[in-house]
Amino acid sequence: DHVGSYGIVVYQSPGDIGQYTFEFDGDELFYVDLDKKETIWMLPEFAQLRSFDPQGGLQNIATGKHNLGVLTKRSNSTPATNEAPQATVFPKSPVLLGQPNTLICFVDNIFPPVINITWLRNSKSVADGVYETSFFVNRDYSFHKLSYLTFIPSDDDIYDCKVEHWGLEEPVLKHWEPEIPAPMSELTETVVCALGLSVGLVGIVVGTIFIIQGLRSGGTSRHPGPL
């Protein structure tokens, strides 16, 4: 079975924040950009198969904002409980120095859905090569979000995903740097070479013994028996 879902997310504090998304089997197909007032497809191929009028999403957002205002007044403007989000950073592909790759910052347990995610390279903010998804709804009605950073791994660079949210007392930094095998020390190299030489010598000695035994066996079998 396949599941398609669409929905709106609206939050006020104090400005209006919202989004309209459409998902299929848990994957986002498109969202409506509220500033540009246009439909943004996650893959260009999707736009060739179907279309969606962004005005429909904008109308739903307007309705959601109105309903939220009514509910806020009825609750005497009681604020929502802020949850502390959790972040994880990992590469999209196995890391090879000098080969282009993508870092992914996965932020889960977001509530309310208002968050700042920033990439840092060597403690400096990075803007180029950054892409961020809209919010995805979890089963418990919290949210998760992904931020991507295209980069070229180098042993001189370290990266951090900086997460800022009302549920955190201070920004959280999730650190990542390429894992480069430590070079062998001179002592280790000497031991490895000595072991390799020893194994080689043992092989030569054992081989020589087998050859001698084979020659002796062959010589014995060639002696003629009694007439």
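Yeah, the Cβs are placed from backbone N, Cα and C, and that goes for glycine too.
Screening Asn76, Asn116 against Swiss-Prot annotations picks out Asn116 (annotated as N-linked glycosylation site). Residues within less than 8 Å, Cβ to Cβ, of Cys105 (disulfide bond) and separated from it by at least 6 positions along the same chain comprise Ala87, Thr88, Val89, Ile117, Trp119, Leu146, Ser147, Tyr148, Leu149, Cys161, Val163, Lys174.
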